[in-house]
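**Student:** Structure provided below as structure tokens; questions to follow.
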């Protein structure tokens, strides 16, 4: 069966896997976000230990025609440390909630990373020259003769050295969020970005750390009246004045910053009327939106709730234009998923470069892709078993009925501890990065 | 230069050079700040061939070091051998002009602009202009944004072919893909227009201006408003209507509140730039709309400009325009829902009275002032009170004070001490305007009440206030109204209040003069020297030191000296200390 993506028929094949093979997974090593930069040459991951790892795609070389640009570690740094808020007696985890790249502005690369409270702007730059030549000592630091009898002055000279990649924190945007930050998104004006927590959205200038503007505040005067929280927010890719935010009630609000300084009144409100026949105790929980993403074109947006992915046309508010079931077979299992808290998992979703296909994760290390034009879908698995170089990924099937066909997996044998929450799609090519617990899988297309 | 057997004069320079690479940022920064010393020691030749190449590649450093470097290089012309060699400074500044940090880039551009003046016309074309082009066509937007600031300095001094190229480059940057570059171009548009020939302003700049003013990004459009001011000043009046006004009208009605805010914020400048005729026909309705804007930020910005706008209206129609067009909007703003809007209005509204004259003020403005004086927001009330003087000139304070007083009393008793503090600061001004009689009758009790406020800052401000009042109303007034009350507090059971007496004496003695000080204040101060609280006693010592110069020598010797001597043997350390200090300062030993 053909894979889903780019329009051409192709199959996905394994390319690389990163991370330890041990069955024993350290909590700190669990990947918590994955993000390609604008060119796709760099891929960043953040983990629960507060680290950011950046992979760089190797130039394709003629000697090894089969290695189509593998991603290798470019830089690793500790972005956030665990902290303690003494005023509130709260531990602040170091876990990286989101990473967002900035459009490239000079030879260096910049990204924003955030944990629950603090957003940091990092610069990743290269250095290939080193100064040499001191007046008073040699390169090892030993003093030269009598320092008071210098006959001539030496100016340091820059000499080539092995490439060194440095990550340096450039700005720290702190103290603006009372609740946990769930989203950051860089605006298309390249000078501002927004950050969202459970109840508020703030707008920052990238160069100013001591103030931000609160543009959305849904905190009720009395917290007992709280009925919904903000779950995700994103800026429009082209219109600098437009952003959306999703809520735990399954609705999305689109705001226009031109209209007013405070965006507490939305411009558009996207909501699909509930089907009364399928209402249950879990309806509200599973309708909560865990991720919202604009298409690259800016015409559509996609939302992920517990069981489905929906594509909305920004011009139509009353229902999504496309709805894809991610793992409908779990509907009968909601009760046990509630008991083991899985029902609150926040799955993310992403578009391919041409907006023709979408991808999102599921359980048992399965992830799903949907082709928007052919409506074909496929379930693939990120697993060590198929991790031989250029091995084709076999589509997986989950059976719900009594008779299990060959190659099918019964719903009851799915492993709910292996979940794929974070995935990323290269902005131009069919290369995807899939985070499976502590491993990062990279898959590529194989054109027939 | 050093001799063959070495000499120690090179040692400090050697240290400075080595510290250019020190791991400690502070030391590197220190070395960079003394770059001229290093260059001087190296001589012009080595500065050019060794130091500058090293600096060119040192752009990995911390921002503050790079900032200092960019600044230094702007003053380096003589150190590289004078204007003949000034172009050697271009490579390091070029690389600094591409770093991501805006402050560093801006400083590099500033230095480049500075040294561009030191280039000969030939060098400008051979060295400087190619650099501008390189930056303008750089891969990264950082370099292209820097280029925007350099066009205007080289344009006037180059040949017409090069001029054409520069104009082309500027055009290209105005339609750059990245909003950063378009913003940089938009912010330099006015400056560039100023150095262009008028024909090109009309043909080139206007189309760029129109394009930027309708950019898809509101962050670009709002910068075009600023450019509008410069461009409008450059064009002859008859061209404004066709070339500038359509764009300006569009900006004033832009969908984005930020653009409208910018128009409101620049309104006075725009008004001056387009002249009286267009103001009457176009800007008046535009201003009305801004005052009624749906976004509070815009209304506040416009409200801030009400006075300036009215002042700058052409005289023949001023009163008419204000009365029939502006005042109705102002009336609405007085009861605006947003306190920032009301507060902005309150800070300028009093200025209208001088423009409108007595009758209009009494009939139309006074009700507005009074409404604002009763506003629930203290900032609004305060803004009105702080501008009372301009109304006073027009209608006289009597009329105003009747209605003013309740508002003042209310502020004087506000629960927030900062509000009380602010009103205290206006007391001397008010007192001057209201006159002694009125003051005694209505405000004196307030001023006294502040002396026993529970916040120290208020008590302190209250004593200072008394001094200013005495300066205004004279010593006689002080003797009759203030001094007895102040001195009465010396017997207060609360030692903080007793100290307030001393603080008042400190600030009043000079204004009250020798007689009152000696006859009335001194006995009380001296009596307090046996206060049971040490803090009071050492403040007595401090007060005596303070009022000593006002007293005559017999009082000093006969009355002050024995008391200070007694205090100097007090059992409390601080009392002793201040008593001894007073003795030595007053030379009583």
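Heads up, the Cβ atoms here are built off N, Cα and C, so glycines get one too.
Caution: TrEMBL annotation is automatic and unverified by curators.
Residues or ranges marked as domain 'Phosphatase 2A Regulatory Subunit A helical' by TrEMBL: B:89-270. Summarising the annotation, TrEMBL assigns repeat 'HEAT' to B:12-50, B:89-127, B:166-204, B:205-243, B:244-282, B:283-320, B:326-364, B:365-403, B:404-442, B:482-520, B:521-559, B:560-589.
I would like each feature placed in context: is it buried or exposed, what are its neighbours, and how far apart are things?
**Tutor:** Across the repeat 'HEAT' (B:12-50), DSSP classifies residues as 33 helix, 0 strand, 6 coil.
Residues 52-53, 55-57, 59, 63, 66-67, 69-71, 73-77, 80, 83, 134-135, 138, 140, 142-143, 145-146, 149-150, 153-154, 157-159, 162 of the same chain sit 6 or more residues outside the repeat 'HEAT' (B:89-127) yet have a Cβ under 8 Å from a Cβ within it.
Taking the repeat 'HEAT' (B:166-204) as a whole, pLDDT averages 94 in the prediction.
When Cβ-Cβ distances below 8 Å are used as the criterion, the repeat 'HEAT' (B:205-243) is approached by residues 170-171, 174-175, 179, 182-183, 185-187, 189-194, 196, 198, 250-251, 254, 256, 258-259, 261-263, 266, 269-270, 273-275, 277-278 of the same chain, each at least six residues removed from its ends.
Remote same-chain partners of the repeat 'HEAT' (B:244-282), defined as residues 6 or more beyond its termini with a Cβ less than 8 Å from a stretch Cβ, comprise 206, 209-210, 213-214, 218-219, 221-226, 228-233, 235, 237, 289-290, 293-295, 297-298, 301-302, 304-305, 308-309, 312-314, 317, 321.
Beyond the ends of the repeat 'HEAT' (B:283-320), by six or more residues, the same chain brings 248-249, 252-253, 257, 260-261, 263-265, 267-268, 270-272, 274, 276, 326, 329-330, 332-333, 336-338, 340-341, 343-345, 347-349, 351-352, 355-356, 360 to within a C-beta distance below 8 angstroms of the stretch.
Long-range neighbours of the repeat 'HEAT' (B:326-364) within the same chain, counting only residues 6 or more positions beyond its ends whose Cβ lies under 8 Å from a Cβ of the stretch, are 284, 287-288, 291-292, 296-297, 299-301, 303-311, 318-319, 371-372, 375, 377, 379-381, 383-384, 386-388, 390-391, 393-395, 399.
The helix, strand and coil residue counts that DSSP assigns across the repeat 'HEAT' (B:365-403) are 32 helix, 0 strand, 7 coil.
Secondary structure counts, DSSP: the repeat 'HEAT' (B:521-559) has 34 helix, 0 strand, 5 coil.
Residues 522, 526, 529, 534, 537-542, 544-545, 548, 551 of the same chain, all 6+ positions outside the repeat 'HEAT' (B:560-589), place their C-beta atoms under 8 angstroms from a C-beta of that stretch.
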**Student:** How does the repeat 'HEAT' (B:560-589) divide up by DSSP, counting helix, then strand, then coil residues?
**Tutor:** 22 helix, 0 strand, 8 coil
**Student:** DSSP on the repeat 'HEAT' (B:205-243): how many residues come out helix, how many strand, how many coil?
**Tutor:** 33 helix, 0 strand, 6 coil
**Student:** Below 8 angstroms Cβ to Cβ, which residues of this chain, lying six or more residues outside the repeat 'HEAT' (B:404-442), approach it?
**Tutor:** 373-374, 378, 381-382, 384-386, 388-389, 392, 397, 449-450, 453, 455, 457-458, 461-462, 465, 468-469, 471-473, 477, 481
**Student:** DSSP-wise, what's the residue breakdown of the repeat 'HEAT' (B:326-364) into helix, strand and coil?
**Tutor:** 35 helix, 0 strand, 4 coil
